[in-house]
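Engineer: Found this in Swiss-Prot, in case it helps:
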MOD_RES   2  N-acetylalanine
MOD_RES   255  N6-acetyllysine
REPEAT    87-120  repeat 'TPR 1'
REPEAT    155-188  repeat 'TPR 2'
REPEAT    192-225  repeat 'TPR 3'
């Protein structure tokens, strides 16, 4: 097989820069990273200077994703030789154990890292990833809660915890996690949308009102969020048909649901879909409007 430099007529400097770009973008295109990186390592290691070490790490992670343990081990051995005792290299060793499904060995290694450095967030997160891979959701939740006691500002961890609670159908705790995220990211429409979905799932008039409010907020932040638009329709429709809702509340929510249904209708008309797709999409919206008319009568 021809080399990357020959196939694409690129220089090793361009390949190095491409690897850097993928790192900066957190790209997980493992096959490409492995192909370009392996050629850099094999043919241009002496020219890369200190960049070689981060490329070894990058290629190793890609090789683990792709099932190339031979390449992953080679990169790991080079890193061990250069950085003996490094916690970062030990974490990479743990990730190789994970890829081999040697979870107990990986956990023991991460625990040793944490004994030496309790603030090592990467090792803690790897332990949580293992619990999830093993299907031990309760343990993953416990570990995440312990982690967040020390690193309360980690938004990624709060979102991961919310997802785990949703999987366990513990919607009250999931809502709490999403509230934490919305406090620090009030302009993130996806957090508003997900919070609205959780409240919708919890049900009951009060939760449905909150659901409608946050679906509306998600739409305000991103008027192209179709999921929030459908959510607004559904939550308003359920409030309008709720026997505990006052007459004014029913009237207002019929208006909100009607507006949402019309917006959905317009969105499909502007989407440039095929006539057949548009026909079925519009029929679904017409059914929504019909339901509203039944509720209103």
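Using the three backbone atoms N, Cα and C, a Cβ is placed for every residue, glycine included.
Distances, neighbours, how buried they are, the whole picture for these features please.
Structural biologist: DSSP assigns residue 255 (N6-acetyllysine) to a helical segment in the three-state reduction.
Secondary structure by DSSP for the repeat 'TPR 1' (87-120): 27 helix, 0 strand, 7 coil.
In terms of DSSP secondary structure, the repeat 'TPR 2' (155-188) contains 27 helix, 0 strand, 7 coil.
Here the repeat 'TPR 3' (192-225) returns a mean pLDDT of 96 for the predicted model.
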Engineer: Write out how many residues of the repeat 'TPR 3' (192-225) are helix, how many strand and how many coil, based on DSSP.
Structural biologist: 28 helix, 0 strand, 6 coil
